């Protein structure tokens, strides 16, 4: 068998902070949106989280044990906590690599899902470890809408969504047909429309509105490219929008790599068969059934997409019967399509390396990762990542769409027009890492079948922050110390100092962001910078304690990374799976502490607390929708 040869780059010089950044506000905007601000329709944050410490002092939770299964433990906890609630078990439960089982349950009313009412239970050693809850606790409607049937028909709901959100979808000839794929009682697919990338869908669900009231809604799904929306429109009047979820996550920056941060910092090299045999058992160029002489395999399929459309299978991608994917590229080449082979190869390489690393750190088939053939390892297959290089639907940006497990993720990488010649985001591995991390966090938070759990303002901000953090952690070099600062977006944006307000730094003068800073922000990338700054503090505390592995993947001892860098990444990933749907900063902090308790027995508790407390997320920190309270306190045993 011929070895796969991928042209890629190795970093030779770290990128340092270059004084005070000068953010470009245009790059902090969302990518489409037209005249409608979708942020105004974000769902509220109403989740509660009981961490492992609070469970230890909760007699009802402690008393629940089962000799049957961890699913029974979860069901019994819900019945004990909310005895009058009706619910169903979501079919995406699994046991993580840290030994913690994750079960997700959805509240129902009259057999209809309450779409944002979730209960997640984490079970370890047959006992409740921690849990999150956003179930509706108010008065349940007495009348069953399926009997009375006084709600608007689904076509009216679709037209109401298109009109209210100004979507580019034509609905004059729309009709609704019963959907055979959904579990919902009233689930339809809309035929006869145009303008969407696939047929819109509709389903009758309840929704907890921002004011806390329960409302019957039509959930209308529309994929219009830059936005893949779930819109909740009032089922009675077919006019009022009560909430919107967007599967697409935007980025306004480019960042770091394993090999090269940007083309100015090193030379491309040739790698032979670079995959990890455990994470990618079929290699990168096979799905277990077919071996492809191109940039296609079990984890991803990479191609150009100059039209910006939804079709990809027949798009251009480089072919090589001898599997030598070596193509010329230099920053002087123009136009971008003159080096499209090199661009596609670089994107394919970076996405696959990250897939393999995340697999080692626990993002496996059971957890909802992105693979076409899951090889009987759990989860749902048929969902590699569609990787579009030089996508024609936009510029100066990138995005990632994360539908539920079993449907492909979609990454769109754009060219950047902020320099001459234009630059290609696929050569910035940090952009790819950030975007792919949206897929990671959306699949883990709330479970693989629920991609709606990072849609509130603060949780959406953390979604951006995790992308920044993972890319920064991967970017660390052998000579770096806690005094090393990193800026964001300098090469692609052609902007000295990057596109964030502050570089990532452990120096509070260089980066003064703290928890209460979030009170000033209403934009997810700004909020995400605060969250990533906190994680950067935790990262260096654990590196100082355990050292730093500068290799491309961690060394594990009993499933625990032996160094501080990969340990922090592992705890952050495990915390995503523990936390409730749409968490706030305090709950996500507690989930990371719980992740350390589950993985190491709490060995790093004080280092984690110190990192968060330095930036006001200490023991006394409190979340309130209108005002956050900061605290620099740590537990007494850590003082």
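If you go along the chain as it appears here, the first residue is 1 and each next one adds 1.
Including glycine, each Cβ sits where the backbone N, Cα and C put it.
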In Swiss-Prot, which of the ranges 253-272, 273-292, 293-312, 313-332 has the region 'Disordered' annotation? 293-312
Whole-number Å distance separating the Cα atoms of residue 434 (Zn(2+) binding site) and residue 278 (N-linked glycosylation site) is 24
When DSSP is mapped onto helix/strand/coil, what comes out for residue 434 (Zn(2+) binding site)? helix
Using DSSP, what's the helix, strand and coil tally for the region 'Disordered' (293-312)? 0 helix, 7 strand, 13 coil
Can you grab the distance from residue 435 (active site) over to residue 278 (N-linked glycosylation site)? Cα atoms, rounded to a whole Å. 24
Around the Cβ of residue 438 (Zn(2+) binding site), the count of other Cβ atoms that are within 10 Å: 27
Over all shown protein chains, what is the count of other CB atoms within 10 A of the CB belonging to residue 278 (N-linked glycosylation site)? 9
